[in-house]
Every structure is written in structure tokens, then in C-alpha cells.
Amino acid sequence: HASAHTHCNHHHGHQHHMHAETSLLTSFLLSRCRPGSLYHSILCERDSRRIAYFTCLNFGFMLVQAFYGWVSGSLGLLSDTVHMFFDCLALVIGLGAAVASKWPTSPEMPFGWGKLNVLAGFGNGIFLMLVSVEFVWEAVEGIMEGTELRHVEELLVVSTLGFLVNMVGLFAFGHAHHGHDHGHDHSHGHGNENMHGIYLHVAADAGGSLAVILSTILTLWKPWYLWDPLATIVIAILIFLAAVPLVRDSGGKLLLVIPDDLEYGLKNALQELSGLRGVTGYAVPRFWVEDDKKILGVIHVFCARAADPEDVRERVVTYFLQLNMHVVVQVEKEGEGRCWCGGG
């Protein structure tokens, strides 16, 4: 499977390949786009394409809901419209991160823009936690005030439609959720946190719609003012619990924490380093992980007085490369004073 860059840069050369992979709508839109334009860069990547399509669907439904709420005078529908607007905003931020993360490296950004996906996922996770707290706050207010559901039939129709829209989103972004949970060893680490954050947003929306559907059906069956706030609190707790792993994982990546599955291999590699010919020890090992699970690092190595430092450096660099670690190595002969890195 060719890289996204290959598809984008050689769109005309691989036109038949693109058509095999994309829908008729995407192929039609791509044929109308200028290669290299913003629209083209959105459409030629699967993740950004799906976010863009779902954002359009979500925004369209939001306008319909706003109109219906305004005509019927339903405050519930209007407040849900405001909530949907913030969801669309989160989707646009996710789309921006998905596109920008594919930008090439530059002197200002030597490691590229890949971390934007992680940052967007972290931001979405925090936002979901705040949304769940707000849900609980509203539910508690509803319990204290004893407010009953009004416009029950209208709410049922609109929330059922909203639920169906979100089911489309869950189906579209389901691969990202699977990739986040089970794909830590997969090679396609692109945009996991960002796509997982968007998946959770859509799941939270679907949960909100489901809470309204259940509470309206229960209210029609047996009127009781607590149905709505209780359903809302349950959904809010589920949203919060789902957001915690996303915030933890993406926060760890932003802080350059070495994942557990890589830490063991890294410790072994450092232990065996001293066994290389000419190496007597090392200091100041600094390692971090790139988005595609590639380990980068810097290390200060001490070599024997009789050894050739350049020969030792090449041997150490090759050793790390065989373990898929790209390491900058500073070599110094034993007992030659303190090095610039403070390890000597």
C-alpha cells in the first residue's frame, strides 16, 4: 500500500489506483481539485477525508435541528444544537491536525508535524471530560428543580435522527478506535490519538442521543421527572471513563514517555551496549519515541584508550540501527575530562 504522499504527489500517475481505493464521490471531487491544494490534501488521505465528510453531515443535521428547535420553540433542541456546534468545532480541529500532520519536515520543524495528531487527541480527551462533568451538572440541576421533559414526541424524532447520524460516524471512524486499542504494534500509527478522540466524540454524541431516546420512551411509558437526568448521568460517566485512557496515552506521548512495550527492549539494548568491542561504558542516555514507533535518542559512550573513537562510534550507531533505534552518539576516551553533556 503506497504512502499517502505518493498518492497525493503522483495523483495523475496513479489515477487508476486511487479509483480502486476511493468512492465515486471522492474520485469525482479529486478530479475537480488542483493537485497540491488544501482540498486535494484532505481528500487524498483516508482519515482526513472521513472527518471532512462526517463534519459536513454533522453540520447539515445541526442546521436542520436549529431550524426545528426555533420553529417549535424547544429549548432542549436549541441547547443540543449549541452542543453540536462545539462537536463540529472539535471535528474541524481534528481535520486540521490530520492534514497538518502530513506536512513535510522543515528547518523549524525537524521532526515534522506528526505530534499534532497526539495534541489533538489530548485536547479532545480533556474536552470530553469537561463535557461529561457539564452533563452531570445539568442532570443534578434537573433533579433539584424537578423539571419534566417537554415536547417529548419532537425530542424522540430528532434524537433518533441524531443517533442515526452518529451511527454513521461510529461506522466511519471505527477502524481508528480498533487501531488505538489493538494496534500498538501496527505499522500504521498515523493519527491514532486524533482519530480515537474523534471516535469518542461521536460515541459521546451517540450516547447523548441514546439517553434522550431512552428517557423519552420511559417518560411516555411512565411519566417520572428523574428518567432524563439519570440517563444523562450514566452516559456522562461512560464518556468520562472512555476519555481517561486517551488522555493518559496521548499525554504520555507529549511528555515523551517510553511505552512499556518498548522500555524492556531499550533496557536490554543498553545492557548489551557495554559488550561491544572498544566500549567501556556510557552516560546520559536520552531516548524518545517517534509516531511510527521508531526510537530516537542521544547517548554519550566511553571507549578504551587504545580504541579508535570513530570506529567505536560507527559500531554503536550500527548496533542501535539494527534494533530500529536512530541514535546520535558522542564518543570520548576514558579519563579525558568532562564532556559538554556532563556525562564524563
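Going from the start of the chain as shown, residues are counted 1 onward.
Quick reminder: no glycine exception, Cβ is built from N, Cα and C everywhere.
Sequence annotations record features per position, and here TrEMBL assigns transmembrane segment to 51-71 (among others).
Positions annotated as domain 'Cation efflux protein transmembrane' by TrEMBL: 53-255.
Listed as Cβ neighbours of the transmembrane segment (83-104) (distance under 8 Å, sequence separation of 6 or more from its ends, same chain) are residues 4-5, 38, 41-42, 45, 47-48, 51-52, 54-55, 58-59, 61-62, 65, 112-117, 119-120, 123-124, 127, 162, 190-191, 194-195, 197-198, 201, 205, 208. What TrEMBL records for 83-104 (among others) is transmembrane segment.
Under the heading transmembrane segment, TrEMBL lists 116-137 (among others).
TrEMBL lists 157-176 (among others) with the feature transmembrane segment. Long-range contacts of the transmembrane segment (157-176) within the same chain: residues 47, 50, 53-54, 57-58, 61, 65, 68, 77, 80, 84, 191-192, 195-196, 198-199, 202-203, 205-206, 209-210, 212-213, 216, each at least 6 residues beyond the stretch ends and with a Cβ under 8 Å from a Cβ of the stretch.
The transmembrane segment annotation in TrEMBL covers 197-218 (among others). With a cut-off of 8 Å between Cβ atoms, the residues of this chain six or more beyond the transmembrane segment (197-218) that come close are 51, 54, 80, 83-84, 87, 90-91, 94, 120-125, 128, 131-132, 135, 149, 152, 155-156, 159-160, 162-163, 166-167, 169-170, 173-174, 176-177, 180, 224, 227-228, 230-232, 234-235, 238-239, 242-243, 246, 250.
Long-range Cβ contacts of the transmembrane segment (224-247) within its own chain (Cβ-Cβ under 8 Å, at least 6 residues beyond either end) map to 121-122, 124-126, 128-129, 131-133, 135-136, 138-140, 142-143, 146-149, 180, 193, 196-197, 200, 203-204, 207-208, 210-212, 214-215, 218. The transmembrane segment annotation in TrEMBL covers 224-247 (among others).
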Tertiary contacts of the transmembrane segment (116-137), as residues 6+ beyond its ends and Cβ separation under 8 Å: 90, 93-94, 96-98, 100-101, 190-198, 200-201, 204, 208, 232-233, 235-237, 239-240, 242-244, 246-247, 250-251, 253-254, 291
